């Protein structure tokens, strides 16, 4: 989803120097500093990007003669540029304003340092334009690991999340999980209306932060593991060794998925804690528990053969 110039002005408190056409969309998250273009080099120029002039580009223009500056700026603005932003609160060259006015282009200004401004606006645009989807489930932060709990309605996802919150972990969202793919990472958030709320069957909706404190909720979290609840089946083929990895594709990103069969008497919150701890262990170690068992078996067999 694109962002309009007007939205950008509002969110970054930009000063409007020259207005342009209304509802101009910004459809790419990259930013360009047009130093090479002002020098006359236009190979690989991306005019669809937001153009940002900082101290270096401004000084380059300042050193030009008025005629050369006019020529270079007219050439620059002949391309289909969405907007130009001047950083550091720098003064605007008159030739720049005249060239932009001819093309009816937006000229904006920010007081921020150029590198900091570019970093912030790039992150902002990447977030706004990221592919997005909504899944049914509960997203919690367990030991710093974002865990998406899925399963059919009424199977106990919210109740498990409540138990995890009581044990000191944090809730991101219940029931609806808004997910964005940003640079290969899946970031889950709560819809604004239900942020901080948890629905428990038989009780209704509870305000988690009011009952357990502000430290019990999070605005967003990167999804690392999917925990899928399903009803226990006596003849179910469940992974008992942890060697059969399963993944689920979300917005083109594969996420590890664990199937947890639910039946009375199982402490699901403890299982999820163990899954989070095991995930961290696997990231730090090249040896799995199965490898350790196999090594012990070989050592035991060698000892028996020597007897």
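Including glycine, each Cβ sits where the backbone N, Cα and C put it.
Pulled from Swiss-Prot, these are the features on record:
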ACT_SITE  136  active site
BINDING   151, 152, 153, 154, 155, 156, 157, 158  ATP binding site
ACT_SITE  157  active site
BINDING   158, 199  Mg(2+) binding site
ACT_SITE  175  active site, proton acceptor
ACT_SITE  240  active site
REGION    261-266  region 'Important for the catalytic mechanism of dephosphorylation'
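Within 10 Å of the C-beta of residue 156 (ATP binding site) there are 16 other C-beta atoms, taking all protein chains into account. In the region 'Important for the catalytic mechanism of dephosphorylation' (261-266), the DSSP tally of helix, strand and coil residues is 0 helix, 2 strand, 4 coil. For residue 154 (ATP binding site), the count of additional Cβ atoms within 10 Å of its Cβ stands at 9 [all protein chains shown].
For the recorded positions listed here (136, 157), the lowest count of other CB atoms within 10 A around the CB belongs to 136.
Counting only same-chain residues six or more apart in sequence, the Cβ atoms lying under 8 angstroms from the Cβ of residue 153 (ATP binding site) belong to 136. Within 8 A of the CB centroid of the ATP site residues 151, 152, 153, 154, 155, 156, 157, 158, the other residues of that chain are 229. Its Cβ placed at the centre, residue 158 (ATP binding site) has 22 other Cβ atoms within 10 Å. Taking the C-alpha positions, the distance from residue 155 (ATP binding site) to the residue listed as 'active site, proton acceptor' comes to 12 Å.
In the three-state DSSP scheme, residue 199 (Mg(2+) binding site) is classed as strand. Classification of residue 152 (ATP binding site) by DSSP places it in coil, neither helical nor stranded. Separating the Cα atoms of residue 154 (ATP binding site) and residue 199 (Mg(2+) binding site) is a whole-number distance of 11 Å. Secondary structure at residue 136 (active site), taken from DSSP and collapsed to helix, strand or coil, is strand. If you draw a 10 Å sphere around the CB of residue 155 (ATP binding site), it holds 18 other CB atoms from the protein chains shown. Spatial neighbours are here defined as Cα atoms within 10 angstroms of one another, and by that definition the neighbours of residue 175 (active site, proton acceptor) among the binding-site residues 152, 156, 158, 199 are 158, 199. Under the three-state DSSP scheme, residue 175 (active site, proton acceptor) falls in the strand class.
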